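What follows is a short report on a single structure.
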């Protein structure tokens with residue numbers, strides 16, 4: 001059709017005598033020398049009944065040039081432009097429907113013949129389209145050549161990576177062996193260091209327990225006869241075992257292992273373990289310092305700042321606060337002062353001092369450094385291998401991807417294109433995804449990820465389908481169809497939502513340009529058909 005319309009200027013007008021409203025292709029059905037048979041075969045009438053303003057045929061074919069039949073068709077010749085069929089009821093209705101004005105031959109309406117001007121504009125549009133097609137197709141051939149070269153380079157690169165992968169795999173395995181060999185002496189040295197430290201911890205703990213037991217024995221031995229008796233043990237009711245708040249003679253004797261008294265060695269070995277958790281020292285605290293966490297302790301050399309003497313206002317405020325506190329105390333009634341609780345047996349040193357394993361010795365640290373270096377080299381080689389495998393997968397996918405009959409769409413693979421509307425910015429990344437982001441800010445919405453080519457069977461590469469996007473509220477997952485149109489430039493030209501959660505996008509690209517027809521010879525200047 002494009003070629004036919006471009007040939008309009010070089011065609012000569014052909015005038016064939018036929019009834020008004022009959023097209024050139026149907027003129028042989030209207031022979032005035034014979035009766036006329038309705039085109040649907042429903043009746044045969046004399047030819048003078050054709051266009052007599054009375055509908056004789058059911059299909060209206062006897063009245064092509066009048067408005068007598070509501071289902072008839074009037075043919076506009078439109079010389080110089082495109083012929084057109086209009087409903088017969090539009091004939092002589094006072095509206096110029098044909099550009100040549102032939103539909104208003106008897107209505108009194110004067111129609112200007114605009115076919116020549118319309119034909120000129122149509123030819124200009126078609127010529128512009130033809131120019132776009134020619135230029136787009138020229139660019140398309142370049143794209144095809146570019147992909148051929150790029151594909152060869154990618155295949156070469158893929159072979160290099162595949163060869164390098166085997167070498168890198170061998171290197172990784174070698175470094176793995178080196179790492180494992182370096183970790184053996186490291187583990188042995190670290191285990192030995194920990195074992196010695198744990199033994200020291202155990203010895204220190206045992207020493208502390210002995211000291212606690214000795215202190216307790218000394219406190220309990222009131223008569224200092226070198227033995228703790230049942231009576232002496234009963235002075236500590238907190239050791240009560242039946243919950244009545246008092247330590248009976250029987251309970252005390254049971255704690256002493258059935259004996260009336262026990263010496264220091266037996267007390268340490270047998271009795272102390274049984275009473276340790278309940279035993280309270282008889283010593284009273286003189287000044288109990290507030291323990292501070294090791295992390296919060298200030299370095300010893302740093303002294304706290306000396307407080308400045310209070311001002312007169314501050315002294316007044318302090319006196320008022322003291323008076324308020326006294327009033328509150330009097331209001332509540334004086335509570336009897338309780339004696340301070342007995343001291344708990346000394347606890348183990350702070351975790352920062354004794355529960356932290358000491359630094360490794362020089363030889364152990366050397367083993368650790370060697371193993372760490374081996375681990376670093378192994379991890380770096382392993383990371384390089386993963387990156388190489390990822391590159392191989394990407395190249396294999398790109399090389400095997402269906403980029404059109406000749407790979408003309410391959411250049412879109414690593415590109416993204418945007419279209420801004422009043423509310424949103426639409427983003428198309430061909431062969432990957434389509435998204436929509438609010439123009440005033442917000443998170444993007446997935447309108448679909450690459451699915452497949454979705455054009456009709458005879459033109460498969462004219463459309464793309466993107467599926468499984470973000471789900472609509474109480475609706476399906478969003479999806480987008482991208483129509484590919486011929487254009488000299490690559491750009492998203494429109495985005496619509498013809499159905500809920502189903503989007504339609506148009507992308508112009510040289511890759512969609514068909515091979516143009518040959519240019520018509522410019523040897524005439526006629527514009528009649």
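Using N, Cα and C of the backbone, Cβ positions are placed for all residues, glycine too.
Database features (TrEMBL):
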COILED    144-178  coiled coil
COILED    371-398  coiled coil
COMPBIAS  179-198  compositional bias 'Basic and acidic residues'
COMPBIAS  311-329  compositional bias 'Acidic residues'
DOMAIN    208-243  domain 'EF-hand'
REGION    179-211  region 'Disordered'
REGION    223-262  region 'Disordered'
REGION    279-359  region 'Disordered'
REGION    509-529  region 'Disordered'
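Helix, strand and coil residue tallies for the domain 'EF-hand' (208-243), in that order: 20 helix, 3 strand, 13 coil [DSSP].
Under 8 Å from some Cβ of the coiled coil (144-178) lie the Cβ atoms of residues 374, 377-378, 381-382, 384-385, 388-389, 391-392, 395-396, 398-399, 403, 406-408, 410-411, all in the same chain and six or more residues away from its ends.
The DSSP breakdown of the compositional bias 'Basic and acidic residues' (179-198), given as helix, strand and coil counts, is 20 helix, 0 strand, 0 coil.
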